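Residues annotated as active site, proton acceptor in Swiss-Prot: Asp293. What Swiss-Prot records for Lys20, Arg111, Gln153, Arg324, Arg365, Lys389 is phosphoenolpyruvate binding site. According to Swiss-Prot, the 3-phosphoshikimate binding site annotation covers Lys20, Ser21, Arg25, Ser151, Ser152, Gln153, Ser178, Asp293, Lys320, on the basis of sequence analysis.
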Amino acid sequence: MLVEINPSKIYGKVKAPQSKSFGIRLVLYSLLKESKLDNLIPSDDVNVAINVVKQLGVSVEGTYFKREKELVTPKFLYFGGSATTLRMSIPILSVLGVDTIIDGDETLRKRPLNAIIKALEGSVSFSSSLLPTKISGKLKENFVRIEGGESSQYISGFIYAFSLVGGGEIEIIPPISSKSYIYLTIELLNSLGGNIKMKGNKIYVEKGDFKPYIGKVPGDYALASFYASSSIVSGGEIVIEDVYELPNFDGDHSIVNFYKMMGAESYVKDNKWIVKSSEKLNGIEVNVDDYPDLAPSIASLAPFSSSPTIIKGIKRLKTKESNRVVTISETLSKFGVKVEYDEDKIVIYPSEVKAGHVICPNDHRIAMLASVLSFKSGGTIEKAECVNKSNPNFWKDLISLNGRIIIR
């Protein structure tokens, strides 16, 4: 798919894309208790999660999920490009007992499994440290010690796994990256009857009394941020509906404050994110280690600021769908933006954004970044269907917001 974008003023009302983080967690929750996800719009990654729970023994009828029998581990599981589903599923498989070959697409085959292999050493074996790999064995005790720097998703997976078997303890070896996603998992499960506490670098999972989840999948701030930044750079005003109220911990919702710090009017009221453009934007310095998915969103506004933007905590960007340190920088450069990076940071300078052409490196957020830049000066994006990984309505929504977009 080729998308051609002409300069446009983005404004109006739009529903936030459904949260991939919440969507996958709520689908996996059906392993613990039945779920009815009223407004579920499956993206590629959510479809992977649905397929996994079905193969483990959950009955799925439309948006209704119910576990009707003992869970089983199949001989083969395919995870597409969904790293979240993969990393949360391996701990679950390990407590059930597993003799399964797991695989994924070319992007997932590049993702390391080192932390989970080390954590399960002595109980569960892996035939390879990269996909495809065969996993065999069963966790011998309801305790695990795992490095926290590779991915918080393994830790979320163990929270689910120990909730499934009546309790357990997780000791995290610092540093702990993306801690906000661990808080998200704990808060979600505790709201549904879980009994989970985090003290320092330890998580204690006690037997829970889980209740069915019947409700909506909340909106995703990180995905919605590209609508917001498109409006900001083009001089518009936008209301993004169906977002969750801001919790008392940092996370993807922190983008609301980051855009405010950069000079835009940005706030949440009554489950709506209201964003208005500003005559002047300014650069910020931000560490994204706890919310790496916000790096492309921040980068989308940075060239239009009056001072440089410095993005730190970028280590985990290198093992996303693409090496985002490189692909963010290359994408900005193709639109005439001055950008520099090293091992520790990306520096984006105020620049005159020009029309650009990007071939999506099979990374949804890079295509979304390119779209924001294009609304200012025009641009074309090849392989634009990559947005389906997280938000299949992306281009349709932007057209509804006055985006002058031609899809070929």
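Placement of Cβ uses the backbone N, Cα and C atoms for every residue, glycine included.
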Site with most surrounding Cβ atoms, counting all protein chains shown within 10 Å, from the binding-site residues Arg365, Lys389: Arg365
Greatest C-beta neighbour count within 10 angstroms, which of the binding-site residues Lys320, Arg324: Arg324
10 Å Cα neighbourhood of Lys320 (3-phosphoshikimate binding site): matching recorded positions from Lys20, Arg111, Asp293: Arg111, Asp293
Residue from Ser152, Ser178, Asp293 whose C-alpha is spatially nearest that of Lys20 (phosphoenolpyruvate binding site), among the recorded positions: Asp293
Listed binding-site residues (Lys20, Arg25, Arg111), ranked by Cβ neighbours within 10 Å, top entry: Lys20
Among Lys20, Ser21, Arg25, Ser151, Ser152, Gln153, Ser178, Asp293, Lys320, the record's 3-phosphoshikimate binders - longest CA distance, Å: 19
Distance from Ser152 (3-phosphoshikimate binding site) back to Arg365 (phosphoenolpyruvate binding site), taken between C-alpha atoms, in Å: 20
Surrounding CB atoms that lie within 10 Å of the CB of Ser178 (3-phosphoshikimate binding site), all protein chains: 23
